[in-house]
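Note sheet for the following structure.
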Amino acid sequence: MTDNIPLQPVRRPKRHDGKHRNGCCPWSRCCGMGDFRPRTVWLGHPEKREQRYPRNVINNQKYNFFTFLPAVLFHQFKYFYNLYFLLLACSQFINELRLGALYTYWVPLGLVLAITIIREAVEEIRCYIRDKEMNSQIYSKLSTRGTVKVKSSGIQVGDLIIVEKNQRVPADMIFLRTSERNGSCFLRTDQLDGETDWKLRLPVACTQRLPTAADLLQIRSYVYAEEPNIDIHNFIGTFTREDGDPPVNESLSIENTLWASTVVASGTVVGVVIYTGKELRSVMNTSNPRHKVGLFDLEVNCLTKILFGALVVVSLVMVALQHFAGRWYLQIVRFLLLFSNIVPISLRVNLDMGKMVFSWMIKKDSKIPGTMVRASTIPEQLGRISYLLTDKTGTLTLNEMVFRRLHLGTVAYGMDSMDEVQSHVFSAYTQPSHDLPASRAPAATKVRKTISSRVHEAVKAIALVHNVTPVYEANGVTDQAEAEQHYEDTCRVYQASSPDEVSLVQWTESVGLTLVGRDQSSMQLRTPTGQILNFTILQIFPFTYESKRMGIIVRDESTGEITFYMKGADVVMAAIVQYNDWLEEECGNMAREGLRVLVVSKKSLTEEQYQDFEARYVQAKLSVHDRSLKVATVIESLEMEMELLCLTGVEDQLQTDVRPTLEILRNAGIKVWMLTGDKLETATCTAKNAHLITRNQDIHIFRPVTTRGEAHLELNAFRRKHDCALVISGDSLEVCLKYYEYEFMELACQCPAVVCCRCTPTQKAQIVRLLQERTGKLTCAVGDGGNDVSMIQEADCGVGVEGKEGKQASLAADFSVTQFKHLGRLLMVHGRNSYKRSAALSQFVIHRSLCISTMQAVFSSVFYFASVPLYQGFLIIGYSTIYTMFPVFSLVLDKDVKSEVAMLYPELYKDLLKGRPLSFKTFLIWVLISIYQGSIIMYGALLLFESEFVHIVAISFTSLILTELLMVALTIQTWHWLMIVGELLSLACYVASLVFLHEFIDVYFITTVSFLWKVTVITLVSCLPLYILKYLRRRFSPPSYSKLTT
């Protein structure tokens, strides 16, 4: 079979980033991590600890006080050209090698290092301030002195911490007490695992029963906790109370934990801290921030190595032409110093200053307000992104669910017809005959009655089949007890494990049937007339990822009727409901609109049927062997021939302009992958809704695989499909990467879009790393939660979205935006401009240096290969600073097209992915231009000078300055007023400085007509052919962008 994948074991490459499994470095003990061990934590007694625990601090800094200077200098001198200039400057301390004043070498190098150190210091200070803000958040701690305030960074293992509603949990804790009457609390975990569902957490039963929270300090108890690990979904521990009679032992699981970076969604909770700092689950799932070096910097580094090679060759040729006479080895070193301008030291200064200007432009762009640049060393990376990896919850979506559609088969109600649903519900409770059978109603109203009763049944089912609890809070006018007693609408908020559930209950409230009360055994609904309907909850079958459905059995207290309601995904409900011919088609239609579809059904039970079921259900729950299988079998006995009531469609609202932004990115040649911790169905829905997966695109949902053989078969099935989007779960992804890493990545990279659901934070980072290794392309990761930090730090460009989920991602990112739609402008406009400008600037600086080096080479060869400098002292420093710096640096303001055109034609971005603005071809062109111009200027000066050597210097240097100014004008595509100022200012500085340069230039000679015509002729010969070539090229072979601007 030709499409079979050969079964070859994966050889994983060794990591070269120095990261070890259990810590940030091989010497993990120094970080306070050491070997992770289980621990016994005494409640309220941190002094009884058995070992040292890390401090509870958030730290996103790259350096500390002691490592800052050595690390920054190391990162600078690992660049070839910086190390080269350090050796060059040091060589001037040797008299035999000295060519000029020491300051001509040390001042430029010192300037480069000073700018870099200042920039890094500013970024580190900003990072320190942001971290300090997080570490200084105040919490309440229970102590023998009562309740005291403590900073987040001051929390220790063993502390009893009080966390209020909507407050971030500061450390990993065991849940001891809650203020909620039902003895549980909800957690928002989207910062940790990316899931929008709220998680139900239960306190330790022994401590919840205590009269007050202060009693926690009076009992003698401890928690035994497992060693710290990265698994956020499991926990093993025990709680022991020694002074009880008898002693109390309770097992602890994930249900009893409050992990750091989650947010308490209900009530006030008390917990005992078990892990802090680097041992937090959230921290262990993030990688250490790495020093990112841009691809552009590496390319420039490569070009400087080529230039250095040219420098060595030229020096050897010069000595060879002297026939290696005398102390030739010293002559080689002197020539290396003499031609050192071939490798321009000002390149690093100009590029670093350019990056600072690009960063400032991004921050000041009024079209993307609130955008921050936290890593000003890589803005040009934004112009070459090939893969964009994005989170879903809070990044593409608002995490706000809205009810969009109610479908009854024969009739559907959208947002514009909800008033009809409201009138049907109202009539059902106001007409006394609403409960009569249809046959007894008048014939004329038979159809209307049928529709009305069907709508009423559907709304009632939606209002009952859920796990939502209404909670009443004081609002300043009404206190909590009174609000609860009178079911005050203004004081009521809904709490549930899923925002989908809340949106459904809020919708039933909007059409007249309101959930006003609920506890473990009963539920109260209020009708449009104000009547309270009481229902007894007999059984609840909660939603699981395996069953994909939830059910509830209730008894209506007014009629005694027992009804089994169920809702779930269409794939499982299709086999449960009675036969119909519209379910599959309508589910498909609603899913294509990006709606999350739920099928709602019911079944009426007699008292005998229910009693029989309950007896079997209790018996199944008591069995020791195969309990879950037996329970499922009993429940399935009820799930047959259920009456299909309706379909509901709920939409997770997308952020503003997500669809056009994704369209722009796609047209720009960027492949978008969505990595989310959410469910497969939810992720697929959002991908369709956001048009990440287009309407006419096939989707291949990768079947769950657990073994090598299954993965092999599924990969072969996937290989046969062409141009289809891939949807895969984290578990299946792990199996594929374990056995078929290369084959899977090869197939996935060919997909127009990829959706990975149920991804852990470490998996997200792993996918980014594999994309970089397998494709060699640049990646950009976008996220807004703590679970996205690893992915953001691993990517070549990390973008954090600041939103309601906190600042953790934006603090760790290289760039932070306030909305996803700003990403389009960040890449298409700022990324593109930064890259093109950096390329133009770097090549022009190289051209500037090569010009003067060519002139030096011609000069030396004419004067018998003498190692004598053509220009000395201030002339050589002034050339690359005050005489040409302003015009050359003004190239950072140049642009080929307006920002509106760049956004309108994202295809322009695609050209940059090939790296054409800076390539060996463009580099060679600039080298040839430099050799031509340098030779023309030097030979022209030698031919036209009359008597004195000093005239050669005057003619050649003036021609060189004018040539550079004219070449800047030739390179510029869109003039800016600062560019004109730069050109005129440089020219004025040169003319003014001639008065002080009498040591090098004959002041009287430069005022003669002879000087002026000679300089004019040389400058015209060096520049005019290039202007003619540029005109001809734009006339007969214009670049793509010029067609859009004409």
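Placement of Cβ uses the backbone N, Cα and C atoms for every residue, glycine included.
The feature ATP binding site is assigned by TrEMBL to D391, K392, T393, E501, F543, K567, R596, T676, G677, D678, R758, K764, N787, D788. Taken from TrEMBL, the feature Mg(2+) binding site covers D391, T393, D784, D788. Annotated domain 'P-type ATPase A' per TrEMBL: 142-279, in sequence order. The feature region 'Disordered' is assigned by TrEMBL to 1-21. TrEMBL lists 298-322, 328-351, 845-865, 871-893, 923-943, 949-970, 977-997, 1003-1029 with the feature transmembrane segment.
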D784 (Mg(2+) binding site) and D391 (ATP binding site), distance between Cα atoms, whole Å: 8
Local confidence of the prediction over the domain 'P-type ATPase A' (142-279), expressed as mean pLDDT: 87
Segment-segment contact (the transmembrane segment (923-943); the transmembrane segment (1003-1029)) at 3 or more Cβ pairs under 8 Å: yes
Top Cβ-contact partner of the transmembrane segment (845-865) among 328-351, 977-997, 1003-1029 (pairs under 8 Å): 328-351
Seg_contact(the transmembrane segment (871-893), the transmembrane segment (1003-1029)) with at least 3 CB pairs under 8 angstroms, min sep 6: no
Recorded stretches the transmembrane segment (949-970) and the transmembrane segment (977-997) touching, at least 3 CB pairs under 8 Å: yes
Contacting positions for the transmembrane segment (1003-1029) when only residues 6+ beyond its ends and CB under 8 Å are counted: 929, 932-933, 936-937, 940-941, 944, 946, 948, 950-951, 954-956, 958-959, 962-963, 966-967, 970, 994-995, 997
Alpha-carbon spacing, R758 (ATP binding site) to D788 (Mg(2+) binding site), which is rounded to whole Å: 13
Lowest local Cβ density (other Cβ within 10 Å) among binding-site residues: D391, D784, D788: D391
From binding-site residues T393, F543, R596, the one whose Cα lies nearest D784 (Mg(2+) binding site): T393
Rounded Cα separation (Å) that holds between D788 (Mg(2+) binding site) and F543 (ATP binding site): 27
For R596 (ATP binding site), the number of other Cβ atoms found within 10 Å of its own Cβ: 23
Around the Cβ of R758 (ATP binding site), the count of other Cβ atoms that are within 10 Å: 21
DSSP residue counts for the domain 'P-type ATPase A' (142-279), split into helix, strand and coil: 22 helix, 54 strand, 62 coil
